[in-house]
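Let me begin by presenting the structure, written as structure tokens, before commenting on it.
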Amino acid sequence: MATLIHTLTDHSDDVNCCAFSSSCLATCSLDKTIRIYSLNDFTELPYSPLKGHTYAVHCCCFSPSGHTLASCSTDGATIIWDTSDGRMLAVLEQPTGSPVRVCRFSPESTYLVSGAADGSVVLWNVHSMKFYRSGNVKDGSLVACAFSPGGNFFVTGSSCGDLTVWDDKMRCLCNEKAHDLGVTCCDISSHPVSDGEHASGCFQMASCGQDNKIKVWFILFADFLGGELRYKCTLSGHSAPVLTCAFSYDGQMLVSGSVDKCVIIYETNTGNILHTLSQHTRYVTTCAFAPCSLFLATGSMDKTVHIWKLDNKQPCAGNTIENDSKIRTAENWSEDDVSAWLCAQGFAELVGLFKANNIDGKELVNLTRESLIHELKMSLWLRSKILQKIEELRMKMVSVPVAVPDEFLCPITRELMKDPVIAADGYSYEKEAMENWISNNRRSSPMTNLPLPSLVLTPNRTLKMAISRWLETQQK
């Protein structure tokens with residue numbers, strides 16, 4: 001369930017972008033300003049609004065630590081701000097002077113990328129705040145960008161419909177015609193998945209465009225292969241051009257906004273529509289999940305930003321880490337997993353500190369009272385609370401549940417199948433779940449979103465026997 005809990009009405013013109021840090025929400029607008037709000041009560045911070053651009057602000061994004069914010073504008077500049085007091089730290093002028101449409105920090109805050117209307121893309125060195133490298137897309141304006149989770153690669157989208165994968169040396173690794181009428185946005189989930197061929201280095205990417213579609217891709221990043229894009233499926237829930245899309249922090253949900261004035265939340269694994277939100281009165285231009293996935297922000301040409309609270313029963317980073325059938329011990333968590341765990345435990349304010357110190361799962365479970373005092377400078381109250389939670393994690397590591405093989409789980413319910421059947425799309429599902437799917441007048445595949453050629457369900461006796469044998473081995 002998604003509940004509208006707050007509406008921000010401070011902008012005097014179209015809202016173009018919104019972005020979360022662990023403690024703040026930033027919004028930007030055609031009115032030339034950026035506004036910053038506290039996540040505690042969604043009140044505007046004392047130094048907000050930020051005024052430095054002379055024309056419309058198209059995009060804003062926080063650095064991973066949340067200590068800085070970048071914004072870009074028609075005025076050809078990308079500005080870096082200090083989020084502690086609103087000070088302007090640097091003004092990065094696009095070398096060509098072209099209007100800047102998009103900006104993104106790399107996951108390690110090493111680089112900031114800015115993309116412009118003339119197709120130029122610039123990598124800036126964040127530490128020196130100086131120009132590093134630049135390139136150009138073949139045709140059209142550069143309107144979308146997303147970094148790989150490792151930060152060594154990034155993807156750009158252009159108004160001519162191309163997706164281009166680059167490395168941090170600005171070498172073009174591959175190019176894919178994705179949307180006939182132009183790309184509008186793209187995002188990469190930070191959680192690895194399997195595409196059936198590669199065991200690691202594979203992630204999901206979403207792109208959306210003027211063709212009314214969202215396309216989901218497998219994207220492989222490897223130093224020896226470069227970048228590789230592989231089409232997965234198309235989501236066709238919108239009836240008009242899709243202007244924005246974003247994955248939740250845990251990768252389990254995908255949200256999109258459209259010219260049809262609707263916001264749609266999809267379940268990433270199946271492509272099922274979880275919610276359709278239709279409170280905006282004009283085009284939905286931007287959407288973003290908070291790091292812990294409990295909040296969703298949507299912005300529109302109606303000059304408002306809606307804040308939604310998602311039901312705890314929805315996929316959430318904290319729940320996923322501890323309860324997913326493919327559970328991993330805490331010491332194998334990535335830095336993003338640690339951030340999600342912090343949010344789930346009520347320590348969202350510590351995400352920036354832990355990221356700044358590169359604390360992954362192994363570092364987390366080995367934290368001591370001394371390291372919290374001397375290295376992280378943590379207060380007594382926080383120390384005792386966080387140490388208690390870490391000790392609970394260590395206890396859970398003593399006995400980790402056995403992972404259920406993914407092929408034994410129903411793609412719809414993500415539960416162990418008891419009576420598997422093969423549908424016309426070639427995938428196996430729990431019989432009851434697939435029958436419910438069909439009875440709700442759904443005629444598309446839960447896995448591919450393509451039309452089902454027939455509604456015949458064939459018992460998968462081979463899979464049923466394999467599940468039975470596996471269950472027997474677990475009881476020994």
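Placed from the backbone N, Cα and C atoms, the Cβ positions cover glycine too.
Some features that Swiss-Prot has for this protein:
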type   : residues : note
REPEAT : 10-47    : repeat 'WD 1'
REPEAT : 52-91    : repeat 'WD 2'
REPEAT : 95-134   : repeat 'WD 3'
REPEAT : 137-176  : repeat 'WD 4'
REPEAT : 178-227  : repeat 'WD 5'
REPEAT : 237-276  : repeat 'WD 6'
REPEAT : 279-318  : repeat 'WD 7'
DOMAIN : 333-396  : domain 'SAM'
DOMAIN : 403-476  : domain 'U-box'
Residues of the same chain, at least six outside the repeat 'WD 1' (10-47), with any C-beta under 8 angstroms of its C-beta?
53-62, 66, 69, 71, 73, 81, 83, 85-86, 285-291, 295, 297-301, 303-305, 307, 339, 343, 348-352
Could you give the mean pLDDT over the repeat 'WD 4' (137-176), rounded to a whole number?
92
Residue counts in helix (H, G, I), strand (E, B) and coil for the repeat 'WD 3' (95-134), per DSSP?
0 helix, 23 strand, 17 coil
